[in-house]
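Residues or ranges marked as transmembrane segment by TrEMBL: B:6-27, B:34-55, B:61-80, B:89-107, B:149-166, B:196-218, B:230-254, B:275-294.
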Amino acid sequence: MSETVIPKVEMRGISKSFPGVLANDCVDLMLHRSEVLALLGENGAGKSTLMNVLCGLYRPDKGEIYINGSYADIHSPRDAQKYGIGMVHQNFKLVDSMSVLENIILGLKDEPFIPDFKRVRQRLVDLAAQYHLKVDPNANIWQLSVGEQQRVEILKLLYRNAEILILDEPTAVLTPQESHELSRVVHAMKQEGKSAVFITHKMEEVMEFSDRVMVLRKGKVVAEARTADTTPKELARMMVGREVLFQIEKKPFCPGEVVLELSNIDALGDRGLLALNNVSFQLRAGEILGIAGVAGNGQRELAEVVTGLRRSTKGALRIGNKDMTNKSPLEIIRQGVAHIPQDRSSVGAVGDLSVASNLAMKQYRSRPLAAGIFLLPKRIVDLARALIEKFHIATPSPQTQVKFLSGGNVQKTILAREIGAARTVMVAVYPSRGLDVGATETVRRQLINQRDGGLGVLFFSEDLDELLQVSDRIAVLFEGRIMGIFDADKADIEQIGMLMAGMSKEATA
Amino acid sequence: MDFLTSILTITIRAGTSLTIATIGEILTERSGILNLGVEGIMLMGALSAFTAVFYSHSIAIGLLVAIGVGGLLALLHAFLTTTMRANQVVSGLSITLFGTGFSSFLGQRLGPVANNFRLVGLRAERIVPLAPEWVKQIPIISAFFNQDIITYLVYILLPLAWFFLYKTRPGLWLRSVGEDPQTADAMGIDVTKTRYLYTILGGMMIALGGAHLSLSYTPGWSENITGGRGWIVIALVIFSMWNPARAVWGALLFGGINAVQFRLQASGTSIPANFLNMMPYIGTIIVLVVMTWWEALSKKVGAPAALGTSYMREDK
Ligand SMILES: Nc1ncnc2c1ncn2[C@@H]1O[C@H](COP(=O)(O)OP(=O)(O)OP(=O)(O)O)[C@@H](O)[C@H]1O
Ligand SMILES: [Mg+2]
C-alpha cells in the first residue's frame, strides 16, 4: 500500500435528528472520482436528509465532511457550491414564475451586477446541445412539464461545473424515455471525472446507473456493496429487512355492472389546448382498468375529469347509473369515488395539518368521526393509528404535521385515506411513484384487494410490467386519445409500446 | 399658469409621496415581507422630518432623520417577522397603531415652550421647487419640472427600481426570495439578509414619502397628516402588480382626483367639502378594484408567491 486513493467526498459519523426522529445515525459515506453511488432505503430511511447535510441545507448534529481529503466546513448551500457540490432535490428548486434563463442565473455567484443574459443563454444552449437536454431558455418554469423541469435542474448543475452531483429520486417523475436520457447524461458526466450520488427506489436503475450501492435503514447504514456483486432481490431484502414478493396473488376476473362510463369526453389542458380527445370507455365493478401511456398524454386531465376537478367540454360522464358530467368534486366524492392524485404535494395533502387530520379529511362529514357539526378528535386519532399501522406510515406521531414526513410517507398518507374512502370507483394516478419496494408491494396489493372487494379501479401507471401485473384490462392513452383497450392476460407488450408512442398497428405493419 | 398646467403640477406633487412609498413597499413585498406599517411609518417620517427641520433649519437633516426613523421602524418589523417569526400582519398593524399614536403624542410634546410644546401651527423651512423661472413659463412641460427634489428623486427611482428588479442580479435574487425562499436558499442566496435589507430600504422610502407631506405638499405638522395615504399605498402596490413601472399610474390617479377636488373646493361649489375630500379615496379604490380584477383575469401575474410567510431552513 504505497498510495491510498483519496475519496472525493467522505462523510464521517453524520447524525441528524428532528423532533421525534433520528433521521441519520452515525452514517459514513464515501464517494470516489468518476463513481456513481446508489443510495437506497425505505421511505423515511433518511436518504434525503443525509444529502441535504452534504449540500449544506441541514446542519448535522454530529459528524464531519471531507472533500478531496481535507476538512470541509459546510454551513450553507453557498459553501457547498464552493466545493463543487450540486443537488437536484426531490422537490425541484426552481422559481415557477421565472424563466429558465433566470433560474440558471440565480445560481451563478460570479455574474456581474447586470448579468450578461446573451452570453448565459448561449452557453446554456451549447450545454443543452452537448448533453442532449433540449429546453427553451425563455419558457417560464410553470409552463414546462416535469421532465423538462428536471432538465433545467441538471443544466443548472452542469452550468456551474458541479463536480459532485446529488440526484434525489430524479427518475420518480420521469417517463421511461426520459430516464434513459438521464442515464446517458450521467454516463457522460462520469467520463469527465464527475461523481454522483443517485437516490432511487427502482432496482433496474440501480443496476443500470451505479458502480456501488449503499443501503440505509432507519437512519443507519445496513449494507454496502459493489453493484456488480449484488442482485435486485438481495437489495430489496436489505432495504426492507424482509423478503419482497414481486408477484401478487389475484382472484379470477369476474366483473359486475358498469360503475364508470365516459362517452366521447373532450377536455382542455392547463394551457388551453385539447388534452382529452373523444375519450370513451367503461369500467365495471371488480375490475382494474390500467391506463398506459407516456406521462403528459392526458392522464392527469382524465383523472381530473373523472373526479370533478376539471370540466369536460364535450361528452358525458356517468358514475353508477347517475349522470355526473361536470359535477363538483364533493358530489362525486358522495358517489363513493376516491382519488390518489398525481401531484401529491399540492393537491393530495395539506402540509400544515396533522397526519391524523389528513387521514380523516374525506370522512369527517359523517359518523363515526363526527357528531353533528362536532368532530370527535379521539375517534380521528384512533382511525389514524390504525391506518398508520396498516400502511406502515413512518411518522413520529399522528399529530405530526404532514409537511415533516418524507416524500414517500406523504404519498402513503394520501393512499391510506383514499383507499379508506372509496366505495364505487378508485382513481389511482401513479400511486407507487416514489415509494420503496415494500410500499409498492403494499399499494399493488391494496388495489387488488379493492377490486376483489367489488370496486372499479382506474389505475394509471408508466410501468408496463406493473400495469400487466395489476390490471385486468389496459387502455393506451396517446395525445389525449384512447388508442386501444386490451385484456391484460392476452396483451402484447410490443404492441402496447408502439401505441404508447403513437404508432398504430397499420403503420407498423 | 393655465388651468391644465396647474392641475398637472398639483397632481404630480400630490402623487410624489405616494409613489415613493409605493416603490418602497413594492421592494419590501418582493422579498416576501408584507409591511402593513406603511401608515405608521409615513406619519413618523412626516413628524420627525418636520421637527428636525424646525430645530436645525436644514432640509437635509430633516430628510436624513426621517430616513433614519423609517429605517428603524422597518428594522423592528424585519426583526419581529424574520428573526422572531411573528405574524407579518399583526406586526405591521402594530407598527401602524404605534406610529399613529406616538406621532400624535410627540406632536404635543416636541414643540417649543412658546407654542405650549405643540408642533401644530408652526412653520419651518420647506422644500421648494427647483426649476428656474424660465422653465416655469412653458405650459404643460413646466408641470413636470416645477417640482421639488423628492419628486425629481422619484423620476430617477421609478425606472431605476424597475431596471433593478428585472435586469440585475440582486434584483433577480430579491424576486426569488419573495417567490420561493426554499429555492433561493438552496441556490445560496441569504434569505434572511435579503428580507432585512429590503424591508429596511422600503421603510426608508416610505418615511421619505411622509417627509414630503410635512415639508412640501402640506407644509407643517398636523395630526394624521397622511390622511390614510399609507393604506392607499398598500392598495397601489396591488394595483401595480408589484411592478414599480406601474406604480406611477395609480399614484397619479390619486393625485389627479385630489388636484381636481382642491380646485373645486377653491372655486366654492355647493358640493359639501367632506364629500369632496372623500373623492380621491373612493375614486382610487373603485379604479383599483376594476383594474386589478380585469388584470388578474387576463394574465398570470400576481403577488410574490411567498408573500406573508416566514422561512426557516430546516423547517419545511
Ligand atoms: N425538516 C424536517 N423536519 C422534521 N422531520 C423531518 C424533516 N426532514 C425529514 N424529517 C424526518 O426524517 C426522516 C427521514 O426523512 P428523509 O426525507 O430523509 O427520508 P427519505 O429516505 O428521503 O425518504 P423518501 O424515500 O420517502 O424520500 C423522516 O422520518 C422524516 O419525517
Ligand atoms: Mg427523500
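Each residue, glycine too, has its Cβ placed from N, Cα and C.
Touching of the transmembrane segment (B:89-107) and the transmembrane segment (B:61-80) is concluded from the presence of at least three CB pairs under 8 A, sequence neighbours closer than 6 excluded. Nonlocal intrachain contacts for the transmembrane segment (B:34-55), taken as residues 6+ away from its ends with a CB within less than 8 angstroms of a stretch CB, comprise 17, 21, 25, 28, 61-66, 68-70, 73-74, 77, 88-89, 91-100, 102-103, 106-107, 110, 119, 122, 124-125, 199, 202-203, 206-211, 213-215, 220-221, 224-226, 228-231, 233-234, 307-308. Counting only same-chain residues 6+ beyond the ends of the transmembrane segment (B:196-218), those with a CB under 8 A from a CB of the stretch are 13-14, 16-21, 23-31, 33, 35, 37-38, 41-50, 53, 59, 62-63, 66-67, 69-75, 77-78, 81-82, 124-127, 148, 150, 153, 157, 174, 225-226, 229-230, 233.
Sequence-distant contacts of the transmembrane segment (B:6-27) (same chain, at least 6 residues past either end, Cβ-Cβ under 8 Å): 35, 38, 42, 140, 142-144, 146-148, 150-151, 153-154, 157-158, 161, 165, 174, 198, 201-206, 208-210, 212-213, 216-217, 229-230, 232-234, 236-237, 240, 242-244, 247-248, 250-252, 254-256, 258-260, 262-263.
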